[in-house]
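To keep things clear, I will list the structure first and then write my remarks on it.
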Amino acid sequence: MDTSGHFHDSGVGDLDEDPKCPCPSSGDEQQQQQQQQQQQQPPPPAPPAAPQQPLGPSLQPQPPQLQQQQQQQQQQQQQQPPHPLSQLAQLQSQPVHPGLLHSSPTAFRAPPSSNSTAILHPSSRQGSQLNLNDHLLGHSPSSTATSGPGGGSRHRQASPLVHRRDSNPFTEIAMSSCKYSGGVMKPLSRLSASRRNLIEAETEGQPLQLFSPSNPPEIVISSREDNHAHQTLLHHPNATHNHQHAGTTASSTTFPKANKRKNQNIGYKLGHRRALFEKRKRLSDYALIFGMFGIVVMVIETELSWGLYSKDSMFSLALKCLISLSTIILLGLIIAYHTREVQLFVIDNGADDWRIAMTYERILYISLEMLVCAIHPIPGEYKFFWTARLAFSYTPSRAEADVDIILSIPMFLRLYLIARVMLLHSKLFTDASSRSIGALNKINFNTRFVMKTLMTICPGTVLLVFSISLWIIAAWTVRVCERYHDQQDVTSNFLGAMWLISITFLSIGYGDMVPHTYCGKGVCLLTGIMGAGCTALVVAVVARKLELTKAEKHVHNFMMDTQLTKRIKNAAANVLRETWLIYKHTKLLKKIDHAKVRKHQRKFLQAIHQLRSVKMEQRKLSDQANTLVDLSKMQNVMYDLITELNDRSEDLEKQIGSLESKLEHLTASFNSLPLLIADTLRQQQQQLLSAIIEARGVSVAVGTTHTPISDSPIGVSSTSFPTPYTSSSSC
């Protein structure tokens, strides 16, 4: 309750701050303000109390004051006129006392008497909120209020349900994402709680004001939307109309605010998703860095421990500890990476629980990745006996080898992180436009798609880098596997191992160098398989590079067509020439030379065969020119023609429609023509009759011969007009 006599309630447990006082004041300042208000305003009379109910314990020391207030109130009631029955019915249907809104059960609560004149106008919505408010006041353990100085009372604390209802939607989204995704953001404080604390500090020292029946207080109950739309409702007699108008305005603003919250939720999700994308990319980069660092340190430790110092030295222990530290960091980065993956899955699919994303396939994939990245040389010296059979002598060989070999070679499996980094840094994956187009075409942007695009853009570079990397790694692996059983230092030498890998990679296999151990044989087997695939890719890339482009094909086809046209013309000319020569030597000459005739006949047949062969080549060239590109061009031409035909058909339909409208107009005109003709004939007949009557009148006045008057109604004799049964002489 503020100083103006208004009781504001923002729903259950939600109290808006007073706009006049933006910050809380201290206790001394509040006491001074209360004293000034008490000096300026006289104490109003108290509301009537029921005589059958005793007063609360907090007001028992003041019975004389209450009696005086009751007497004054009774006098005012006698002076006031009676109220209408409609207002009393409203009062009986919804009995609401102002003290129920902010007072505690132990404080003074005066029940309304039977003849109370406090007229209230609550709506059905307000009444339901008041009943809920009373229920929470009576049943909530946190709704008790402590009386402050000056007879004031503190506002009740909100229940957990009320606190959940008053929370900001943006804060709720952030808190829910933190709850389900594993703490991406720090928990944010609830805005409504801070506002409630501010209101408690402001209204702590305000005294409880009592109103007389002649000036009843207005109880304004509004929702959070009403408080945002209307911060303060003034106290005036026409309160019902203004409160209904405010309720209508608040209900009209509900849907835009819901849409705004929805837009805020979508914007927050998109921003959160973008942040997760960036974090996932950085985690992948860091994982690749630490993975490559562990591989490099492993290679250095293996080479140094073979030639310079032993496995039990401090240098080897320090390097292995460094490898273990980098492996632990790598495992943590991988866990963080998959955490971001799960969070992205939750955001993309709108899931409520992150456990929905943990399918058996994902769990198996994460476990396999953790196992691959966890393999590394353990600090310390561990040995085992390794037995093998030499290649050419077939004698068994037994040597004591380090366990680090078994744990070092699988560390090269960490190179799969390169493909992940390439995917996350690819423009096709990071560009929003390309991802939108791919989603419309149902394309999955994965590592396979990125490698295909790289093979299309720069196939030579990709094959070169892959072949050289595979060559070096396989050669070093063969060297490590063969060093314990190679007594002649052939395959254990790095250059010799590179030669062995190269001839195996190219599927040559001279046989001068062969591996002794199963480890080396397995590496050579994998190298041969990869070499066959790379060789096929090289052949395909070279063939694609040697293929003519579209422009080059068109130029080549044009030149070949020109040459074939010339050859056809030459062959046709030869046919005509030989035909003329044969006719000349057989018909025109007196003495026939049979040798020349046979010669020209032979050339004539050769010219005919040459003409046929050239025409066949021209047909083949035309068939080769009809490629897919030409078909697409023809399709475009046909599409243009069909479009033009459609336009013309539309124009023709429009013209036919105009002709139909004109024909309808002509039909209507022809239908109205008989009526027009009848009207015209009638008018002419009337004019003729009038002319005859005028002529007859003139003849009578002059004294001409008398014409007998006809018996017709218009005064014209039947003999004046010829009939079909009278001749022209009778007329």
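From the backbone N, Cα and C atoms, a Cβ is placed for every residue, glycine too.
The compositional bias 'Basic and acidic residues' annotation in Swiss-Prot covers 1-11. The feature region 'Disordered' is assigned by Swiss-Prot to 1-170, 239-258, 709-731. What Swiss-Prot lists as compositional bias 'Low complexity' is 30-40, 52-95, 138-147, 717-731. The compositional bias 'Pro residues' annotation in Swiss-Prot covers 41-51. Sequence annotations record features per position, and here Swiss-Prot assigns compositional bias 'Polar residues' to 112-132, 239-256. Residues or ranges marked as phosphoserine by Swiss-Prot: Ser167. According to Swiss-Prot, the feature transmembrane segment maps to 288-308, 315-335, 366-386, 405-425, 454-474, 523-543. What Swiss-Prot records for 494-514 is intramembrane segment. Annotation comment: Swiss-Prot describes 561-637 as region 'Calmodulin-binding', evidence class similarity to another entry. Taken from Swiss-Prot, the feature coiled coil covers 642-669.
Residue counts for the region 'Calmodulin-binding' (561-637) under DSSP, split into helix (H, G, I), strand (E, B) and coil, are 70 helix, 0 strand, 7 coil. Within the chain, the transmembrane segment (405-425) has long-range Cβ neighbours (under 8 A, six or more residues past its boundaries) at 280-281, 284-285, 287-288, 291-292, 294-295, 298, 302, 330, 372-373, 375-378, 445-447, 450-451, 454, 473, 477, 480-481, 519. In the predicted structure, the coiled coil (642-669) carries a mean pLDDT of 94.
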